[in-house]
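Presented below is the structure to which this report refers.
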Amino acid sequence: MASKRHVGLNIRKKDEPKAAPIRVSSVFGDDDDDDNVPATATNMASASVIRVQKAAEREHQKAEAEDPTIFDYDGNYDEIQAIKNEKKEEARKADKNRESKYAENIIKAHARRQLEQFSREERQQLREREKEGDEFDDKEVFVTGAYRKQQEEVKKHREQEAEEAAFNDMTSVQKQKLWEIGMGRTLLNDLARDPTAIKQRKKEQKNVRKREDSDEEIDPKPEKSDKKPAEKLKKSIYSDDSDEEKAPKPPQKNFEGDLKPGLNTVSKKKATTHAERIRQRNYTPTPPSSDDEGARAPRARRRTSSPSPTSRKSIESRESGSRRSPEGKSEKSEKAPKISLKDKLKPKKIDKEARLDGLKEILKQRNTEEDIEAARQRYFERKEQGIVVPPL
């Protein structure tokens, strides 16, 4: 039979919770209340917590053994409060006047500002009277004692201000002559220096560095051939050529000299010193005459930069020497006396007179009267132009 349908609003009833099934108690079960309490993390005390509690208990027992009334706070409260009250009374007695920290300075600053204001008002009144002229000369003038006192205070304040201004003016850095002398010297040096000369000097230093780098020893490298090495072709998986057909190339050595049995150590080249670089720069050996001189000349030009004046002189001297006849060389070699090694090792005799002459030459005055006068004239010209400010 079909269920009856109600016409209208059908409200669905909520599902009631099912009642838990009643468990039948066991015959051998215990009905203690402690069995139903769930075991939580708070009930389970760890070993570390127990250890801390035991240590605290031991400390309490020691303290009670020394003083039985140590934890009797209610009994000792009156004594503690009495000690606090005594300290407060001592502080009050020490500060009878109850002087404040900042009030005195604030009052002084306020009085100073008032005096400054009175001084400004007085100046303004004087300017107004000057404008009025003789308009109110026939009127009586009344001056009270308070106004006179105020005028005296304003006068003292003005004197104090003048003293402070004079002291600050004397101790200011701008008025110190030593500072001005130092500043004037640096200013003169900066003006005397020509900026173009400084730039030129920097360029010369750069050129010298480049020349030193270019004149360093260049290792003879093999000529680069235009032919590129044949690229290795990847072996195809379909090729029938065996690996044995292609003989492996021996490894190429990466150092100079012949291979020897054992460990072939490569000797590191020592870094050239500054003196050696100068020697290399000044020394240019004459190449032997050969057919390929024309081919080597452009390479040498590329490697070496513009020759220095010292190197040019050395080249000219060598060329002039090479032009001379071999007979002259033989004559010179015959005339030159041979010096033995003992004579070379003997200490040289010092000529005191020659040494004194050299010292006098070094220490003699180089500025003539004309140079000093010219420098003096230049200084006066700069002074007239306003470049040099004389120290006052």
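Heads up, the Cβ atoms here are built off N, Cα and C, so glycines get one too.
The region 'Disordered' feature in Swiss-Prot is assigned to 1-73 (among others).
Long-range contacts of the compositional bias 'Basic and acidic residues' (54-65) within its own chain (CB-CB distance under 8 A, at least 6 residues past either end) are made by residues 71. Here Swiss-Prot flags 54-65 (among others) as compositional bias 'Basic and acidic residues'.
Residues or ranges marked as coiled coil by Swiss-Prot: 76-132.
Outside the compositional bias 'Basic and acidic residues' (113-132) by six or more residues, the chain places 150-151, 153-154, 157-158 with a CB less than 8 A from a CB of the stretch. If you look up Swiss-Prot, you'll see 113-132 (among others) marked as compositional bias 'Basic and acidic residues'.
Under the heading region 'Disordered', Swiss-Prot lists 113-169 (among others).
When Cβ-Cβ distances below 8 Å are used as the criterion, the compositional bias 'Basic and acidic residues' (149-160) is approached by residues 112, 115-116, 118-119, 122 of the same chain, each at least six residues removed from its ends. Residues or ranges marked as compositional bias 'Basic and acidic residues' by Swiss-Prot: 149-160 (among others).
Under the heading region 'Disordered', Swiss-Prot lists 187-357 (among others).
According to Swiss-Prot, the compositional bias 'Basic and acidic residues' annotation covers 205-238 (among others).
Summarising the annotation, Swiss-Prot assigns compositional bias 'Basic and acidic residues' to 313-357 (among others).
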Can you count helix, strand and coil residues in the compositional bias 'Basic and acidic residues' (149-160) using DSSP?
12 helix, 0 strand, 0 coil
